[in-house]
Amino acid sequence: MLPLGMRDAVVAGLASSLSHLLVLGLYLGPQPDSRPALLPQLAANAVLFLSGNAVGAYHKALMERALRATFREALSSLHSRRRLDTEKKHQEHLLLSILPAYLAREMKAEIMARLQAGQGSRPESTNNFHSLYVKRHQGVSVLYADIVGFTRLASECSPKELVLMLNELFGKFDQIAKEHECMRIKILGDCYYCVSGLPLSLPDHAINCVRMGLDMCRAIRKLRAATGVDINMRVGVHSGSVLCGVIGLQKWQYDVWSHDVTLANHMEAGGVPGRVHITGATLALLAGAYAVEDAGTEHRDPYLRELGEPTYLVIDPRAKEEDEKGTAGGLLSSLEGPKLRPSLLMTRYLESWGAAKPFAHLSHVDSPVSTSTPLPEKALASFGPQWSLDRARSPRGLDDELDTGDAKFFQVIEQLNSQKQWKQSKDFNPLTLYFREKEMEKEYRLSALPAFKYYAACTFLVFLSNFIIQMLVTNRPPALAITYSVTFLLFLLLLFVCFSEHLTRCVLKGPKMLHWLPALSGLVATRPGLRVALGTATILLVFAMAITSLFFFPASLDCPFRTRNVSSMTFNLSWELPGSLPLISVPYSMHCCVLGFLSCSLFLHMSFELKLLLLLLWLVASCSIFLHSHAWLSDCLIARLYLGPLDSRPGVLKEPKLMGAMSFFIFFFTLLVLARQNEYYCRLDFLWKKKLRQEREETETMENLTRLLLENVLPAHVAPQFIGQNRRNEDLYHQSYECVCVLFASVPEFKEFYSESDINHEGLECLRLLNEIIADFDELLSKPKFSGVEKIKTICSTYMAATGLNATSGQDAQQDAERSCSHLGTMVEFAVALGSKLDIINKHSFNNFRLRVGLNHGPVVAGVIGAQKPQYDIWGNTVNVASRMESTGVLGKIQVTEETAWALQSLGYTCSRRGVIKVKGKGQLCTYFLNTDLTRTGPPSATLG
């Protein structure tokens, strides 16, 4: 119990034992009457000391091992808790970067339920519909903004320049949106749109959007003035009501739908570059805050002309001030010289804006605790100096774990202090040490105990020590040998049961009828009732055999040394009582009883109440024997030791029976304190293990949730760039691809289907059907054959996907070329599968929707932009043409460009020439329809011509 390290404790125990043996030998050696019993006594004392020291070392070693394990588990729990907190923050930031808080909580609950039920499985529902996370909001303003001239500029950019430019531009717009209480909804190429008044209603939502639009135009004007690059900003704003939320199962993006959203989009398309174009509804909400002028009809979009409502252009009150001050037109271009490309000028200027990088908050924490502050030695010394000593000898790895400045760490240290057991705790009852949660208490008592066999083995050593001591100090009566032989066989049987698992190899080679024997060890370790019974029986056997030699003395006998005349004493006076019973064995019987007390402490995980009961039973039994039934033995021993007059004998406190009783009480209370400490540390160890297990499970769930969320924003091959240990945050993610197949698949008839009335809850039920369509499309992505298809986004009823984004370049250029075209076939099959899904939905919803698909393949640039709401997207002429193939296509057909048609021909598909059509921004293009109803048969060149 002393606060010493193991080595110091062993040295102290051996030194005290050897000194006692030395003094005893030097003192009794010269006395003639003591010589015959001296060697047996010295041998018995040596066995006694060796057994006591071994039990003490064993107990201390197990306790230190358990305490170290508890300490490490506490650190691991702290590590897991910090990782859990980090993961919670990560997924919270990540979820909030995709969705508003009110929607994030609802969707997170469903994702957690899905993760706990099984990966990828959907929770059981009472209906056949997918969950719909859409709500209606009134009193909002919608802003659409498009960068005029950006498409031409983007064609001159390198992939890195393009992604950096977009991130800086939209990062700046996100900052402006935050300043004016607007929420960015989505980025569509170079189009940016946001809403004010979501998710909380704002009375100034119209003013917020107008201010934002004006600031966006000013930012672009400054950019144009500084670089000389001819770009501008066209902004449209409308106020009304929206349906907002998330549809589909993958690649969630918060979006808004309504007729008012459509009108806002057309307000941008029919606007004037450098101006903010607003409707009459927005103007009414401005309440004269800004001067406006009539927009006229020359710039009107066909949708606006058909609507026939007047629209207005906001007059920027600071535009005149900027014109008066003048601008540093072409500042960078004049300084850098005329040779720099416009895209490079733009990139250099935009870098000065310093927009945040996407997922900057997802810095992965691998270290459990901070290593900035070394742990004070006094923190460890609070529950034992040996911890400070052991730490000095411990490897550096442990130091790394302990070096922490976290306040929670010191709470862990405090809880490991043995004095903590008496204080109020939320986990324990301070009096009984029972867990406050009944289920946890039940789980603790039913927990497995693989170390039980070692407890039994050490108790067997105590049993052997008692046997050797009694055989040394008695005359070896046959009855004693027989008794010990029977008990020895019982012990061997017990040890065989406990260690039977180690005999597996031998047993398996024997008869099959013995193959059940190795399972006995597992039964003992896992069955609490069996463990308690065997442990109690083992201790009682040691107790019984400790006092066996006393039963060979009569219950009462007149001591011959009391009646003997002192004057007639001789030095060869015998130490034996009548019947050749050695009187010198009396104190050793007491020592054996003390070893019996120690045997109870060897079962570390035995409950405190049972230990108390056994120790109390043994205390009462020992005191009854030595103070009552066999008290005469003590008196007789005193009479033999002090043969003189009675007044020359020692005081009553030095009588063996009283000294023995005092030692019994001392060991009783000492072992009770140890038993309570054991109970506390065992329960604490169980508690930390349970907490660690729960926190690891929760951490794993959170990590899976974070990964699922991140992969819901990014493709699977891109996500590790942002969550791995080697994650670099200083560079924007961008990647150029030489051959990517881009698909746009829309359901144009949904626009006519969509309506807003009381019957369909202002369009909510129409969106429910759209959610079913998109969700069914998303389910196709989980099929192995479509694993190479990457969903990019949805734009209202248009589904955008791509293949070839996860392709890796090989060493052989010809193999790369063949592989680059192979994924086009996957995309065609995916398009056909989309049509099949839509047919099934038509059958169940009694509709007749048809799919219109456009395909194109070629080089694209992929990247992640936007710090506020990171978004993965692809850009390039290939994407623009694919979009035009869809918008100029025919219902029920897949339209492709001529280059894509020839590539599909090499894969065995047939195409029919549509002819030359006019495509916005591209002029005249020759396009083809894919014959999806034909199988991959013979050369289709005849139909391609």
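Positions of Cβ are set from backbone N, Cα and C atoms, glycine also.
Below 8 angstroms of C-beta separation, residues 2, 35, 38, 41-42, 45-46, 49-50, 52-53, 56-57, 60 of the same chain, each at least six residues beyond the ends of the transmembrane segment (9-29), sit close to that stretch. Marked as transmembrane segment by TrEMBL: 9-29 (among others).
Here TrEMBL flags 41-58 (among others) as transmembrane segment.
Broken down by DSSP into helix, strand and coil, the domain 'Guanylate cyclase' (141-268) contains 59 helix, 39 strand, 30 coil. As annotated by TrEMBL, domain 'Guanylate cyclase' applies to 141-268 (among others).
Summarising the annotation, TrEMBL assigns Mg(2+) 1 binding site to Asp146, Asp190. All protein chains included, Asp146 (Mg(2+) 1 binding site) registers 21 other Cβ atoms within 10 Å of its own Cβ.
According to TrEMBL, the feature Mg(2+) 2 binding site maps to Asp146, Ile147, Asp190.
Taking the Cβ of Arg884 (ATP binding site) as reference, residues of its chain lying under 8 Å away and at least six apart in sequence are, in sequence order, Gly854, Val919, Lys920, Gly921, Lys922, Leu925. As annotated by TrEMBL, ATP binding site applies to 146-151, 188-190, Arg234, Lys793, 873-875, 880-884, Lys920.
Per TrEMBL, the feature transmembrane segment maps to 454-473 (among others). When Cβ-Cβ distances below 8 Å are used as the criterion, the transmembrane segment (454-473) is approached by residues 37, 40-41, 43-44, 47-48, 50-51, 54-55, 58, 480-481, 484, 487-488, 491, 494-495, 498-499, 534-535, 538-539, 541-542, 545-546, 548-549, 582, 584-585, 588-589, 591-592, 595-596, 598-599, 602-605 of the same chain, each at least six residues removed from its ends.
The transmembrane segment annotation in TrEMBL covers 479-499 (among others).
Counting same-chain residues at least six beyond the ends of the transmembrane segment (532-553), those with a Cβ under 8 angstroms from any Cβ of the stretch are 452, 455-456, 459, 462-463, 466-467, 470, 473-474, 477, 479-480, 483-484, 487, 490-491, 494, 497-498, 524, 577, 581, 585, 589, 592-593, 595-596, 599-600, 603, 606-607, 610, 614, 617-618, 621-622, 625, 630, 633. TrEMBL lists 532-553 (among others) with the feature transmembrane segment.
The transmembrane segment annotation in TrEMBL covers 588-605 (among others).
Sequence annotations record features per position, and here TrEMBL assigns transmembrane segment to 612-633 (among others).
Residues or ranges marked as transmembrane segment by TrEMBL: 658-675 (among others). Within its own chain, the transmembrane segment (658-675) has Cβ neighbours under 8 Å at 1, 59, 587, 590, 593-594, 597-598, 600-601, 608, 611-612, 615-616, 619, 622-623, 626-627, 634, 652, counting only residues six or more beyond its boundaries.
Sequence annotations record features per position, and here TrEMBL assigns domain 'Guanylate cyclase' to 741-886 (among others).
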Non-local residues, at least 6 beyond the ends, that sit with Cβ under 8 Å of the transmembrane segment (588-605): 44, 48, 51-52, 55, 58-59, 62-63, 66, 449, 451-452, 455, 458-459, 462-463, 465-466, 469-470, 473, 535, 538-539, 542-543, 545-547, 549-550, 611, 614-615, 618, 622, 626, 656, 660, 663-664, 667-668, 671, 674-675, 678, 682
Intrachain neighbours beyond the transmembrane segment (479-499), with Cβ under 8 angstroms and 6 or more residues off its ends: 452-453, 456-457, 460, 463, 467, 470-471, 520-521, 524, 534, 537-538, 541, 544-545, 548-549, 552
Binding-site residues: Ile147, Leu188, Ile874, Val881 - member with fewest neighbouring CB atoms within 10 Å: Leu188
Minimum Cα separation from Asp146 (Mg(2+) 1 binding site), reported as the residue among binding-site residues Leu188, Arg234, Val881 that achieves it: Arg234
Neighbourhood of Asp190 (Mg(2+) 1 binding site) by C-beta distance under 8 A, where only residues 6 or more apart in the same chain count: Asp146, Ile147, Phe150, Thr151, Ala154, Leu166
Sorted by sequence, non-Asp146, Ile147, Asp190 residues with Cβ within 8 Å of centre, Mg(2+) 2: Ala145, Val148, Phe150, Thr151, Gly189, Cys191, Tyr192, Met233, Arg234
Three-state composition of the domain 'Guanylate cyclase' (741-886), taking helix and strand from DSSP: 68 helix, 38 strand, 40 coil
Binding-site residues compared (Gly149, Arg234) - the one with the fewest other Cβ atoms within 10 Å: Gly149
